[in-house]
Amino acid sequence: CHLIHYLRLSHHLIVLNYLIGTFDKLKSVSSEHINITDAVFDGVEVRVFEPPAKQDETLKRSVVYIHGGGWALASARTSLYNNLCRIMAESLNAVVVSVEYRLVPEVCFPEQFHDALRATKHFLHPDVLAQYSVDPSRVAISGDSAGGNLAAAVCQQLSKDEHVTIRPKLQALIYPVLQAFDFNTPSYQQNTNMPVLPRYVMINYWIDYFNGNYDLAHSLLINNHTALDVSQALSFRGRLNWTSLLPSSFKKNYKPVIQTTGKAEIIQKIPALLDVRAVPLLAENETLQLQPKTYILTCENDVLRDDGVMYAKRLENAGVEVTLDHFDDCFHGCMIFTIWPTNFSAGIQTRNSYIRWLHENL
């Protein structure tokens, strides 16, 4: 992919997605007991997983699921997410709507957010919920990694939209990416070169999402974009102070990286770095107070661990009931790896814990 990108034969993310799709065709996932259909919700493609109706049942609960992949990779139709959503539908006896939002490089922020929001609002319309026999009071919104980012951002937007009459009962975020303000939190420092999602890869995902320039990567890495002399970042600094938001077991002996002098032009070039639709962790307390009961799953071996832990703490401080489900021996992305040849125990463990929480609370 790096060679193809260097030779300008294609965008490397397009090639990587092609390779993922080619490998995925080798897999077969059973769906005997779940009806799987593709639909379009307000111009956005979705895949709907419906369990069979039971004789003594009137309405089902439901989950709107948004897949991960750095806003650039994977699909609601890949076997990994197809399998996850099928098992969710079976285990919860719930209608699962998996959102097929458009990807980088076809579109960049805020289009992924708009796709996820449009599809979710469409599904939450009373007539559509009735069409799928869904209980309006038992809908959750969920997602993993970049999908967790979109789920959190959509949930925040729905909570402020006066025209939305039905809102999610729960949000469930799986190792979500929630901020681009500080790339030197303890988990970023601890897991800098951790496989699956090293720090430089996460920074590149952000740059791609914002249609930015890779030349800015080093400045972002050392937090030049949020230095003390960058006035645009000042009002957000108190909302992401990991020294007060993280427990000592996560802070360990790591020190904050705060530049005295930075580069304000980075924010001018990429204003979305401080846009709460892209970085939900920077939302004001008034918005956080409106969020539903929340589940956040984090993994120790993950640069994004502290994003989830800090969001849990800010929500808790705002009066929201939060379950922080932390796994000391797991890694970023593990929950979808439950199909041979990547059927890892970490995937089964995290998936079961996540589904158990949904079953008990939805």
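Every residue gets a Cβ built from N, Cα and C, even glycine.
Predicted automatically and left uncurated, TrEMBL annotations should be read as such.
If you look up TrEMBL, you'll see S145 (among others) marked as active site. Within the same chain, the residues at least 6 positions away from S145 (active site) whose Cβ sits under 8 Å from its Cβ are G68, G69, G70, I174, Y175, P176, V177, L304, H332, G333, listed in sequence order.
Annotation source TrEMBL lists active site at D302 (among others). Here the Cβ of D302 (active site) has 27 other Cβ atoms within 10 Å, regardless of which shown protein chain they belong to.
Cβ-based neighbour count (10 Å, all protein chains) for H332 (active site) stands at 25. Annotation source TrEMBL lists active site at H332 (among others).
Marked as domain 'Alpha/beta hydrolase fold-3' by TrEMBL: 63-221 (among others).
The feature domain 'Alpha/beta hydrolase fold-3' is assigned by TrEMBL to 275-335 (among others).
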In the domain 'Alpha/beta hydrolase fold-3' (275-335), how many residues does DSSP assign to helix, to strand and to coil?
22 helix, 19 strand, 20 coil
